[in-house]
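Feature annotations, courtesy of Swiss-Prot:
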type	residues	note
SIGNAL	1-25	signal peptide
DISULFID	Cys82-Cys87	disulfide bond
MOD_RES	Gly118	glycine amide
Amino acid sequence: MGFWKFPPFLVLSILVLYQAGMFHTAPMRSAFGSPFDPATLSEEESRLLLAAMVNDYEQMKAREMQKQRAQGSGISVQKRSCNTATCMTHRLVGLLSRSGSMVRSNLLPTKMGFKVFGGRRRNFWI
């Protein structure tokens with residue numbers, strides 16, 4: 001059964017190889033035009049080409065910078081609007097340290113730390 005599938009594949013592969021051989025003998029440059037070959041450039045032409053490429057690159061980067069300025073920089077905005085637990089904790093610590101002793105004396109319990117667990121329970125928030 002597999003023998004009957006083999007001859008069409010063989011004929012097709014021979015046809016493809018024959019066509020590929022015909023394409024290799026025909027000149028490819030006439031069909032696609034003259035390709036760019038950097039080895040045939042003089043030194044002055046290569047300098048001009050390099051200068052043009054650098055100029056295009058600088059223009060592309062300038063356009064990208066203008067787009068970023070028009071849209072606004074996303075990095076600084078993201079840092080300002082940080083809502084993670086770590087950021088919120090740092091904000092609260094900063095608020096407590098700036099507010100002074102008034103908040104510490106009124107809102108925070110006096111006994112905090114590892115020694116509190118051995119003592120009796122008190123309601124510090126009343």
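All residue numbers here begin at 1 and follow the chain in the order shown.
Cβ coordinates are placed from backbone N, Cα and C, and glycine is handled just like the others.
Note that the structure is predicted; figures quoted are calculated from it, not measured.
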Cβ neighbour count within 10 Å of Cys87 (disulfide bond): 12
Secondary-structure category, per DSSP, in which Cys87 (disulfide bond) falls: helix
